[in-house]
Amino acid sequence: MKPIQARIYLASRSPRRRELLRQIGVQFELLAFRGGERGKDADVDETPHPGEPVERYVERLALTKAEAGCRRLQWRSLPHHAVLGADTTLELEGQIIGKPVDASDAAAILHQLSGRTHRVLTAVALSDGSRTRSRTSISEVRFRPLDDDEIRHYVATGEPMDKAGAYGIQGRAALFIEEIRGSYTGIMGLPLFETAQLLESFGYPL
């Protein structure tokens, strides 16, 4: 697929989001924030608000990242292009589950997911400074029951550490998944259907 000529900025450090944008031929430049890990980003407060629904939470973070990216362009006098922001969050019985803070936390999260169905929500937002739009993908993922050894060995690979829910569907954790309903790319971290809708609404040809 020939890359589109217009560029965007991707306000994310995620290698999976970069891979998915390349998959559909989008030209982009990275626009990194300070910090970069959940809870450590000086530009984006990722603390859930009291009583905030998970759908609103994930949308708020994606919008905030895109809008913060536009401000960063102004501060740094960078060429003006639209900024794409995204956030992925898991929900299990009303509990928001983000990235693990350490190996013990990763193991605890995987024990929670074992043998159960959870939701994966990925919101994507696009902003050019004067207009901002967003879309959200919601999928369901069911894990088979996992034993302690499986969880310990998986955590030891290091794969869970930079991922919401402590697993990557495109990696070794694919062996844990009995069923998915929804968007595979949304579960990876960037729903391509919704992303294409946003790009086209801003006049980016695909």
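Cβ from N, Cα, C; glycine included.
Pulled from Swiss-Prot:
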- Asp87: active site, proton acceptor (ACT_SITE)
- Arg16: site 'Important for substrate specificity' (SITE)
- Thr88: site 'Important for substrate specificity' (SITE)
- Gln170: site 'Important for substrate specificity' (SITE)
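The two recorded residues, Thr88 (site 'Important for substrate specificity') and Arg16 (site 'Important for substrate specificity'), have Cα atoms 12 Å apart. Looking at Thr88, Gln170, the recorded sites in this record, the fewest other C-beta atoms within 10 angstroms of the C-beta turn up around Gln170. Of the recorded residues, the residue listed as 'active site, proton acceptor' and Arg16 (site 'Important for substrate specificity') place their C-alpha atoms 12 Å from one another. For the pair Arg16 (site 'Important for substrate specificity') and Gln170 (site 'Important for substrate specificity'), the C-alpha distance works out to 9 angstrom. Secondary structure at Arg16 (site 'Important for substrate specificity'), as computed by DSSP, is helix. Cβ-based neighbour count (10 Å, all protein chains) for Arg16 (site 'Important for substrate specificity') stands at 19.
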